[in-house]
Amino acid sequence: MSLSLWQQCLARLQDELPATEFSMWIRPLQAELSGNTLALYAPNRFVLDWVREKYINNINGLLNDFCGAEVPLLRFEVGNKPVSQNDSPPQRVVTHTPVAPAPQNTSVRPSWDNTAVQPELSYRSNVNPKHTFDNFVEGKSNQLARAAARQVADNPGGAYNPLFLYGGTGLGKTHLLHAVGNSIMARKANAKVVYMHSERFVQDMVKALQNNAIEEFKRYYRSVDALLIDDIQFFANKERSQEEFFHTFNALLEGNQQIILTSDRYPKEINGVEDRLKSRFGWGLTVAIEPPELETRVAILMKKADENEIQLPGEVAFFIAKRLRSNVRELEGALNRVIANANFTGRAITIDFVREALRDLLALQEKLVTIDNIQKTVAEYYKIKVADLLSKRRSRSVARPRQMAMALAKELTNHSLPEIGDAFGGRDHTTVLHACRKIEQLREESHDIKEDFSNLIRTLSS
C-alpha cells in the first residue's frame, strides 16, 4: 500500500458523490498511511462526526476494493496531519502590494465618510444579534448551507473561502450571514466582522471618491477579519465597484480573511458581472438554499409561534404550511397576521380562524398555482408544448419535463395523486408517485435538475 491509496479513494468519491457534498465534506480531509492504519484528519469535530456518520461505508467499501485482504484500519482525528521531514510546507505567492495595516484608532468612523460628527467604532459590524444558528430552522432544503456556514464560523478563512450562498428571496441567506458574524464575534470579541448589502459597498466607494479618500476605503475593507456581503448581484453593470471589489477580494483571500457572499442566483448566471469575479466566487464553496419543504415549513411556524409564546396547534401549522410554500418570509408574515388577529379579537387559533384571517392570501395563492399554470410554465421553460406533457410520448425530451411538472403539482397544489394523474392525460397515480420520487432523486444527483426545480418553484410562487 502507498500514500496514493487515499488519492484513489478521492478520485472515486468525487465520481460517486454530488460535487457540493464532495467539496464540503471529503476534500478538506487529510490522510496519513502508517503501517496498517489510515488516519483521516478533519478540520473540526463537526466535519469528523458528519463524515463518520454519512460516508464511512463509502470509504470502507473503496478500501476493500483497492486493498483486498490488506485493508487498513481506519482512524479519524481532528486537526492537521503531522508534517513529515519529506513534506515541504506550501508556499503562498503574493501577487499584489501588501495592504497597509488597519489604523490602530478604532474610535472614529472611516475617514472617507465625512458625515461623522460623533465618535463611533470604525468597524461597524451591522450584524443583527437576533439571527443566530440556534434560531435557524434546519431542514433538507437548507441543511448543506447551514452546515457550510457553521464550519466557516468555526474556522474562518479556512477551506470554504469564499462561501457563496444562493437561492430565492426569503429563504434564510441573510439569517446565515448574521449567524456566522455573531458566532465569530462570540469566539473573538475584537474580531473585525462587517456585514453589508452590496449597495452599501458601492455607496461607500462613491463617498470615498468624492472625498478623495480611496486609500482609506481600501485599507478599511482589506483589514477586516470577515466580510459578509448580501445580494452580490447588485454589483451588475457597476464597473468601478466591480474593479475595486476584485482587488479587495484578492487581498482578503491572500490574507486568509473570510468572505461570504449571497445572491439570488448561481454565480455564473449573474448577468452584468465580470467573468473574473464570477470565477472567483466559485473558488471556495457554492451552496444553494432551496424553498423549504413541508416539514421544514411546519417547524418554522412552530418555532416562530414558540418565540411569540403562542400555542399553535399542529394541524393549524400544517394547514398554513401546506398552502404557503414559496419562502420563510411569507410564512412568518402570515403567522404574524394570524397572531395579530387572534390578539385583537380574542379568538382561538383554529383552521377556520386561519382560513378567515388569511383569506386574501390563500385565495391569491390558489389562483396563482394551478395544474394548468404549472403545465404552461413547465412547457415554456423546456420549450415544448403542453400537449406533449399530456401525450403518451416517452422520449427523454418530453418524459423529464412531464415528471418535473407532476412533481411540482404535488409540491405546489393540494390535489391528490389520482387528480394530478388525471390532469396529465389520465395517468395512474403510481405514475405520478414514480415521477415525484424520480425528480427528488435527480435533484440530489444533478445540479441541472436541481436548478430547474428551483427556478420553476420561484417562477410559480412569485
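Residue numbers in this text run from 1 along the chain shown.
Glycine residues also receive a Cβ, built from the backbone N, Cα and C atoms like all the rest.
Feature annotations, courtesy of Swiss-Prot:
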REGION    1-86  region 'Domain I, interacts with DnaA modulators'
REGION    86-125  region 'Domain II'
REGION    126-342  region 'Domain III, AAA+ region'
BINDING   G170, G172, K173, T174  ATP binding site
REGION    343-462  region 'Domain IV, binds dsDNA'
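Mapped onto this structure are the features recorded in Swiss-Prot.
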residue	record	Cβ within 10 Å
G170	ATP binding site	18
G172	ATP binding site	28
K173	ATP binding site	24
T174	ATP binding site	20
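Taken through DSSP, the region 'Domain I, interacts with DnaA modulators' (1-86) splits into 46 helix, 17 strand, 23 coil. For the region 'Domain III, AAA+ region' (126-342), the model's average pLDDT works out to 91. Sitting within 8 Å of the Cβ centre of G170, G172, K173, T174, and not among those site residues for ATP, are the Cβ atoms of G167, T169, L171, H175, L176, T262, I289, N327, V328, R329. Annotation note: T174 (ATP binding site) sits in a helical segment as assigned by DSSP.
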